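Asker: One structure follows; several queries about it will come next.
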């Protein structure tokens, strides 16, 4: 089945997904960065992060499903799940498929978080950045609206915000590690001298 409605829905879910997925990543950075204020407590950031994560997943599933149902481009259901299997723009479609697959792994491990070692969950959760980047590249290279001014502006704003907060988070982590490894300012007692209190 093909119709202009499906084509518009696919384009619409794609561009809205860019914005919502980017906000999800931003809120994830803020939640792990312990960004709090009296007017915006951490539980609000975490709650919004979880809610927007769910919306992102629904948009991603809708986007993939619409691409399969719309016969304008021949994409089989398995090609929406297995990267680089499509004959239609295999690299760019494959990046979108890889983003979907990574997101599925992140969702599965998040649902099982209480039964997984924290480090494993955290490392898998970090692949969200890769999924986000692959999805952006997919949309920019295959999206019919990707090079229009408004679409470029939305994408640039999303990239800028995620990059800025991501860089701030990395700097904060490096500073914290530097402080924890900094030598003590109290000199060690010399041999034979009692330690000062």
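Every residue, even glycine, has its Cβ placed from backbone N, Cα and C.
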Asker: Out of 32-50, 51-69, let me know the one TrEMBL marks transmembrane segment.
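Answerer: In TrEMBL, the transmembrane segment feature sits at 51-69.
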Asker: Using DSSP, how many residues of the domain 'Ferric oxidoreductase' (13-134) fall into helix, strand and coil, respectively?
Answerer: 93 helix, 2 strand, 27 coil
